[in-house]
Structures are given as structure tokens and as C-alpha cells.
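Positions annotated as domain 'YjeF N-terminal' by TrEMBL: 94-310. Under the heading (6S)-NADPHX binding site, TrEMBL lists 144, 145, 146, 147, 148, 213, 214, 215, 216, 217, 218, 219, 251. Marked as K(+) binding site by TrEMBL: 145, 209, 254.
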């Protein structure tokens, strides 16, 4: 009998705890989890789309973005608030909040600077991928804003970018000296103003404007006046059709009035503004495509005192978008996959063993629901339908999932007992297709699995008459409450007769590994008879 997916049996390995595959992240690998990630011995060093190879660093989107899946399990900064509905600070309020944070609330400057710099780095990583915008110049001023830029550069280095620092007026304090030492220990180059190219567009993809913050007033002096003018020039149309680097301003575009904005109309025009703590009044005049809020350290007492209405940070994200993101040309969306080659001599002779190997890798990479799979079915009318379901076990007899026997997919399977499964592991650049015939599992298997589920899930299976029309969500809540009351004594919840499992018996496997320039690896397994025994033939398919 097939065992549940996360249990060990003779025919199926445990897919959660692989004692044989523990290995520790390399010493220079910046692991953001509380525990190091684990990688199986047969899984090559970390890689991901576009910019990560065997010696590269963690995908920054894993920390600031989380589409919610897999290695990108951190929450995304996709929550958007209307810029007109949030609070903006004037200069006095911004200064007073800093005094409260570093006074009675016990924050130190270096704590706030670390959080601010991390917010800047994660905001950049949210929009500008390091395989397309790798070279980053951080221009840092002598104050706290410059410190934020130094911290951001350190994090960007660990995110896979190649930062350079221009820090012409260094602050002679232990905090800033320590940040410089940290950057130098990472071999991040420091460039003098004289070393910078006159035209920054030829040497950099991103320029971080961390020169002046909200406390600055008056006229900028050398060398910052020249640096600001170079940033201004980047915002002017390039007559030579050279791609200009994007400008990311930290808290306030340098040279802007903290409340009135770009008074002359000839100031820096950043592509991204990362407001810290709360947007300053000048941010209302920001017209670039990307406005983020960072600095996730405002306690409720401060928010109440200053009547701050700010967007909530989703999940564990360090940044949140303000306003709608720009429209994207869908036809221009593409990834250049970078992965180790998947060759025939690396493939297992048995596709079940190959699937087990790749599934182990997906588990080791801490992907969210690596057992999620698209199930495609067709009925007698020939019209296909697909939906996501969860694999609950597999062995040489097939792949098992559970559902309502009166659902649309169940009706289609009864009319045409053929189906296709698709596993997609984005962070590993992998997918697996499986096709075959489908039949119900035994009542005993369904019964055993049903009672292994949480009681809430058991009640949910009874409540939901899957795929039927209902009057509203309250209808479900009412039935749920009735059943919870009925079984509140802890008595056994009977499995509905209309609920159970299906098993797909594979007749075809295809293992897909993404590769650069769309020249992907595709290995297909089909059964064949050899000396009266069933074996699997492996063919390479053109991508």
C-alpha cells in the first residue's frame, strides 16, 4: 500500500528528512534563514535564473520578494497603497521621530542605519535584477544618508550585484569606519571623484543617490555639487542612444527641498525613490516609476503620536511599494536560465528514481509545496481543464492525490481515465511532465489518509460539495460551524463516500532543465520491452 508522501516506506523514501543529503552552505554563502539550507549530494551548487552559478550568491528576491513559492518564500513587496491615502512628514516631524527612536525608544544609530540600508537594497532587488543591472555605484554623503548607502552596498554585494563606492567626505566616527572596513573586506572598490568617469552611463547600471537626507538644507558644496550635476545629466535624454543607468534616491533626491521638492525643476529625476520611516512631503512630487517605503521599525506609539497612515509590510518583507507599478510589456518578459547541464549519463535508468532525486532537491531547497502539481484532464467532449492539486504519495505503482469524487475533474476522469501531471520548480529551473492512466485508490488507502489529516481538513472535505454553485462564503462557514459542533467531543469524523484518492500510472515522463538561450535539456522516458521485461527508453527532445 502506498505510504503518505512524507513518510518512509520500503518502496518510497522519506521526502522530508533526508539524512544522507545534509550539507552546509559554503562559508561565503549568505544564508538568511535561521538554519543553513540543505542540499543533496547529487544536487549541484546553488543556481537560479539569470545570475546565480556554482559560486554565486543568494537570489535577492528570496529576501525581499516572495511570490510566496519555494526559495522565494519571503513575502513580496507587491502590496500597493494609493500615494494620496498615506501620510507624509515635514522636516520637523521627521527629525522629531528620529529623536524619539534614538532617545526614549532605545534605538541606536547603527541599528536604524542597518535596517534602512537593507530596505534600500531589497527595494532595488525587487525591481532591478542583478543579471541585467549588475554594476552599482553608491555615491555616499558624509551623514546618515551616506551611511545608509554604505550598508545598502554591502547587502547588494551579498545579493549578487557588483557595487562600487564613491565616498569623498568620510565621517571620522567608529560607525562609519566600521562600515568602510566591512566593504573593504569584501573587496568592494572605493572610487574617488577623480576616478569616476565623466559620463556615468558607460560604466554603471544603477547609481544609488545617498548623498543628502532630510536634514540637509542650503546649497551643496564641492564635490557634491558636481556629483549631483552628473546625476542630473543621467536624467536627460541620451542623444547617442546609450542606455542610461537608473537612479535610486535614498529617502530624498539629493538637492531637493525636503518639503517642496525640486524647486528649480532642474534637479535629480530618480527612477526609484526609497522613502525611509515615512515618505517626506517632497515625495509627493516624485514622478518616477518606482516608489518604495522602507525602514520597518516604526512602533505603534510613534505611528499614533504622529497620526501616521502607512502601508503594511507584507510578511517578512523589508520594503513595500507605494503606488501602482508601471505597466510591463508582457512580450518583453523573459529569463535566461543558468543551470548545470542535465545529460543522459546523469539520468537515472528508472524515471521513478530520477523523480525521487529531483523531488529531494526541491525539498532540500526549501521550496513551498514542492508537491504541488498541475493536473490536466479531459472529458468525453474533449475539452481540457487544469488545476493545481497536491501529490500525496508515489511509488512504482503511480502518483496519488485526493479529491472529491463528484468534482469536475472526477467526472472527466470517469469519462476519460487519462491525465497529465506537471511539477514546476521555479527556483531550480526544472519541471517534470508525467502522463498516464488514472484509477481510484482502494477505500482502505483513502480511509487511512483521510484520518491522517487535521480535523479541520476532514470537516472541510465534508463541507465542500466541490465544483457546485453556492450562495456565498457564509454558506460554507455555517456548515463548518455545524459540523464542528457535531464533532466537538472528539469523536471520529467519518470519511464521506464521495471523497477519496486517485492514482496515475505513468506511461511517459519528461524531465526539463532550463538552460541559457532557450537551449533547454529535455529527457523523455517511455516504456519498452527488453527480453520480455519492462524497461524505460530515454530520448533527448529538441527544446
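Cβ atoms here come from the backbone N, Cα and C positions, even for glycine.
When Cβ neighbours within 10 Å are tallied across all protein chains shown, the highest count among the binding-site residues 148, 251 belongs to 148. Of the recorded residues, residue 216 ((6S)-NADPHX binding site) and residue 254 (K(+) binding site) place their C-alpha atoms 9 Å from one another. As a whole number, the greatest separation of Cα atoms within the (6S)-NADPHX-binding residue list 144, 145, 146, 147, 148, 213, 214, 215, 216, 217, 218, 219, 251 is 22 Å. Surrounding the centroid of the Cβ atoms of 145, 209, 254, where the record places K(+), the chain contributes additional residues within 8 Å, namely 139, 141, 146, 149, 210, 211, 212, 213, 249, 250, 251, 252, 253. Mean pLDDT across the domain 'YjeF N-terminal' (94-310) comes to 93 in this model. Listed binding-site residues: 146, 218. The one with the lowest count of other Cβ atoms within 10 Å of its Cβ is 218. In terms of Cα distance, the binding-site residues that sit within 10 Å of residue 254 (K(+) binding site) are 214, chosen from 146, 214, 218.
Long-range Cβ contacts of residue 214 ((6S)-NADPHX binding site) within its own chain (separation 6+, distance under 8 Å): 89, 91, 94, 95, 251, 252, 258, 280. Of all Cβ atoms in the shown protein chains, 28 besides its own fall within 10 Å of the Cβ of residue 209 (K(+) binding site). Residue 145 (K(+) binding site) sits 16 Å from residue 218 ((6S)-NADPHX binding site), counting Cα to Cα.
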